[in-house]
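Features of the protein shown, as given by Swiss-Prot:
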BINDING   70-73, Asp143, Ile180, Gln190, Arg193, 230-233, 281-282, Asp306, Ser309, 340-342, Lys355, 393-394, 422-423  NAD(+) binding site
Amino acid sequence: MFIESFKVESPNVKYTENEIHSVYDYETTEVVHENRNGTYQWVVKPKTVKYDFKTDTRVPKLGVMLVGWGGNNGSTLTAGVIANKEGISWATKDKVQQANYFGSLTQASSIRVGSYNGEEIYAPFKSLLPMVNPDDVVFGGWDISDMNLADAMARARVLDIDLQKQLRPYMEHMVPLPGIYDPDFIAANQGSRANSVIKGTKKEQVDQIIKDMREFKEKNKVDKLVVLWTANTERYSDVVVGLNDTMENLLASVEKNESEISPSTLYAIACVLEGIPFINGSPQNTFVPGLIELAISKNCLIGGDDFKSGQTKMKSVLVDFLVGAGIKPTSIVSYNHLGNNDGMNLSAPQTFRSKEISKSNVVDDMVASNGILFEPGEHPDHVVVIKYVPYVGDSKRAMDEYTSEIFMGGKNTIVMHNTCEDSLLAAPIILDLVLLAELSTRIQFKAEGEGKFHSFHPVATILSYLTKAPLVPAGTPVVNALSKQRAMLENILRACVGLAPENNMILEYK
């Protein structure tokens, strides 16, 4: 059975006019290596920690500024939100299609809340806590091309023509602000698009971004703003002592106009200085050590890296299944070809390397979890190939071969072909990232014994379900397995309303 909404009744949960308070017993384990009777033993000790959660239920008017607004992702997302808000339908060769938010975790997935008369009861994911309605989001952003969003939508060749015709009047007046352009960080083939750029030194560029954000907030009367990078993949920046290794050195390098400070890092600096959440949707190392330190010092949310939308999402499920089933993956070969601007930019070796790194590390935690299958340091052979084929456009082809060792020396091979409509998969992920980033800024908590409530760590691991290479605080384990990432996110939000984590034991029926 599916219900649209619910309210929790519990002595541990209190609803006030503007807040939800919950008291939550977090049950976990502590592993110690102890000397007992002259022999060291591993001992697992269950423990319970009491947490207080406090969630502000006042939903703000949200503005979202996209870096690369005129690209395939930005134009597709903007078009999709307008189509949903206006209730647009359009004819395809198969049927009359209604606008929807399929592919969005927050808008189109469900959670189990319990059972009723022996039947499982499910509710929308978004019913857990008050979230911004995507129809109410105000979009804006920057681009190195001055093309309006209607023309950008046509150039992208993602949406059906009938839909594009209906959306054009809503989008032709939407023109991105000039963006930061540095040809050293992206492929040379992007130069032909760069007709709307912010001139000046890096300090002047940061100041301009800050000015743009302030004016956007004022003009649109938004309460909160989230900025997300969906522009070109950049090459990796060199991390150098004295340049970008500390907060002070990074800010000084901006003042000195150091060439190795990337455009994405400049946008992120501007956001952090303004206390505006910044999310990196591409694989480059935007978050150099100095920037992470700056975000922590300002308690400003940062998240990334790289949207997890197609091939990598499948990989984070399949490898988790194989290793969890006691099957040993020994070779993973991933091939992609695509024809959109992302593919053209990735045809340059230095930008491809950024993508290769984010795609290749996705299985590390799953391999490390099973010392029966893998010796220390052992790892499957893992190769990632991306080629640019203009004809296929946004319809990316992903082909994977997984070779594994099975019982008694046997071999198992799984071959998968996945046609990933790149921007149609990425757009709802962008939506989830900005909505969850905003929501997380309204949640505070404290452990038993702590005096004051505090927000989540500025490095937002809560967003990891949506990213290929999750950014985590120093000393925090990186989790890539998709099921674990979703469980983490759902269970944290459940804790905010006093619900136990979903453990699937269903003991009442055993």
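The backbone N, Cα and C atoms fix where each Cβ goes, glycine too.
Features recorded in Swiss-Prot, as mapped to the structure shown.
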residue	record	Cβ contacts under 8 Å, 6 or more apart
Gly70	NAD(+) binding site	Asp143, Ser145, Met147, Asn148, Leu149, Ala152, Pro176
Asn73	NAD(+) binding site	Leu66, Thr230, Gly281, Ser423, Ala426, Ala427, Ile430
Gln190	NAD(+) binding site	Ile144, Pro183, Asn232, Asn341, Met344, Asn345
Ala231	NAD(+) binding site	Val67, Gly68, Gly71, Asp143, Ile144, Gly179, Pro263, Ser264, Ser282
Ser309	NAD(+) binding site	Cys420, Asp422, Leu425, Ala426, Ile429
Asp342	NAD(+) binding site	Gly71, Asn72, Asn232, Thr233, Asp422
Asp394	NAD(+) binding site	Asn72, Ala156, Arg157, Val158, Leu338, Gly339, Asn340, Glu421, Asp422, Ser423, Leu424
Which number gives the other C-beta atoms within 10 angstroms of the C-beta of Gly281 (NAD(+) binding site), all protein chains shown included? 28
Please report the DSSP secondary structure of Gln190 (NAD(+) binding site), reduced to three states. helix
